[in-house]
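Feature annotations, reproduced from TrEMBL:
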REGION    44-95  region 'Disordered'
COMPBIAS  72-81  compositional bias 'Basic and acidic residues'
DOMAIN    199-241  domain 'B box-type'
DOMAIN    347-404  domain 'COS'
DOMAIN    406-500  domain 'Fibronectin type-III'
DOMAIN    485-728  domain 'B30.2/SPRY'
REGION    601-620  region 'Disordered'
COMPBIAS  602-611  compositional bias 'Basic and acidic residues'
Amino acid sequence: MKSMEQELLCPVCKDIVKQPIVLPCLHSVCLMCASEVLVQSGYPQPELPPEPNSPASTPNTRSPRQMRRPMPKSDRVDRLLRSGSGTYPGRRRKEGPPLVMLFPCAPCGRDVELGERGLADCMRNLTLERIVERYRHTVSLGSVAVMCQFCKPPQALEATKGCADCRASFCNECFKLYHPWGTPRAQHEHVQPTLNFRPKVLTCPEHDQERLQFYCKSCQMLLCSLCKLRRIHTGHKIAPVTQAYQTLKDKITKELNFILSNQEMVMTQITQLENAITQTEVRVSAKEQLSHCMKEIMALLTERQTMLDQALESSRQRRTEALANQVAEKRSLLEHAGLMAFTQELLKENDPSSFVHAARITHNRLAQSIESVQRFSLSADPSFRHFQLDVSRELKLLTDLNFIQAPLAPVIDTQRTLAYDQLFLCWRLPQDSTPAWHYSVEFRRRGVVPGGGRLEEVTGTCAVIDRLEMDSVYVLRVRGCNKAGFGEYSEEVYLHTPPAPVLNFYLDSRWGLHADRLVLSKEQRCARSVPGLSLLQAADRALTSCHLTADLLVGDVAITQGRHYWACSVEPGSYLVKVGVGLESKLQEWFHLPQDMASPRYDPDSGHDSGAEDSSDSPPPFSFLTMGMGKIYLPSSANSHHANANYRESGFTNGNGPSSPAGVTYPLPPRLGVCLDFEKGRVTFYDAHSLRPLWEGPVDCSAPVCPAFCFIGGGALQLQELVANRNANQTPVRRVTIQSRVTKLN
């Protein structure tokens, strides 16, 4: 028991807690310490009760006659807390918003909001007080006697009983004296003698004498019977405190048993940590590497300095030589030296031919000397002003010189990440992150503990994972790596694989498209319906009847067996688009004999064309789900109740009010998934993003069945592209496979 003393220390005074209170962050501190912290923070001094062992609380100076007066009630500490903390003398109710107290909690490392009343809302931790009392009795006070608080010294006797109602310890004689037989005091609760008495039970901080009998699971706080009636707790999950007590106790017992049953694992981890500490203390490789890098930098700087010194000295020698030659040239222009003396002797020549032959070069030299005298300038710059070093960039680099940091946790790109025929995971690094050499992708099925999945190295910022199990949830996360090692993992992303193999097909244009209304993309995976000339010609009848033709598109495949899944996205601004399946023969008949929107068969209020009018016993030849104007219409039937219930649980609400027998509307999902079970004759529609079922119904599968799409008015849809068929011009990604014997998604 002595080893648990660390759990009993106050985080402020670092001593065993006295009269602990529970802060809103669930940490416990001494009442006196909390008061001192608030005063140091600039708040007024709260009015606190005297400590249990102070002279004011020991009634040994009182006479038995005085003791017959009503004793302090058991909740005196709480009542005094409520009266003084967080209020200000003279403050009126209408003087503006109340002051919110902030308590700097040391374990949390942040300020905790106490509210207007400050410590008045913080209840005492009676359980911790009882644990501290048992600890003191076992470790420290086992042989220390508690003296009677009513015996007059020096004849004070050892206390034998304590009274929880009187909050005092008595010897046998004093107890009989102050608890006469036949009086209400004789019914007081007897406890072991102690110097620290506490209330019997917790009471509401706002309502005196009201016991805390309820627990609000939404607010995670105890309530009395009056607090339970407040409007703030309307609609919250409130349970009796006994139920919350039993639930929490069972959880703690289960957690304790788990830890106690895994003591070997804990000891192994402690050994690993101790070995890591030892390796940290003796590891010198990092220091040696730092010293080696600094020596390389210093050697490079010395080498560079030597090279620059040589360049500077070479330039100085060239300039000195040039200036010395210029000085010699100028000296030759003096009267009795050099060129001047030679010219004077040359002028003494009288033979014209010899003079002309020898004097031309002298003439040139004299002309150059005259020009140099008239345009005198130094032949070399002696200032060396061009030999200046700009080391600002280098100094900044040296200032920023630091150890390499591991990459930060990547951010998953949820817009591009998806699960279809394969899993496509895409991510990016934060802007302030160091670059990564490569990435490690971890993927596992939900239910497998973290670290138990497969790891693959990826050089780019996206990865493709194939060979997956159908209708399974995979958990993926990624982290970067560089010279400093691996960084933190990204947040986990959950991807749900389709419930059946993915069917790849294209839109079929062989059924005679209306070129003025339907336009297919070059890849035949996208279709757009544009109201054309036919609608303009029928504009004069728009006010009397509806003559909008339903344009049909089908897939270029016919399904004759198995289960298949495909997905598409409908433009939110589309007027009406129907997505579903149908018998190929019936669809061709419908296409060649189109019905207008005024027909009861295509009543827009039905929202779902199933052909059920043909026969009530046989399954319908086709089944569609209607979307338009940013909504999706889910018809109500016996087959769709389960799917609609799942969709309501996902958080969507009906924009048209309460659901009716005719069906409900929900916001249009980004992608719609369709799953056809040919053998069972069932078709299920999904929210392809979360794989939540939307609607399920029957369809006639006695003949080949085709995917079908119907446009009423303007609209557009696009088939989901296979991950395996992505554009080859995009950045290549590393393919990741799971080595297991599972069904491969096509």
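Note: Cβ is positioned from N, Cα and C throughout, glycine not excepted.
Using DSSP to sort the residues of the domain 'Fibronectin type-III' (406-500) gives these counts of helix, strand and coil: 0 helix, 44 strand, 51 coil. Secondary structure counts, DSSP: the domain 'COS' (347-404) has 31 helix, 0 strand, 27 coil. Taken together, the residues of the domain 'B30.2/SPRY' (485-728) have an average pLDDT of 75.
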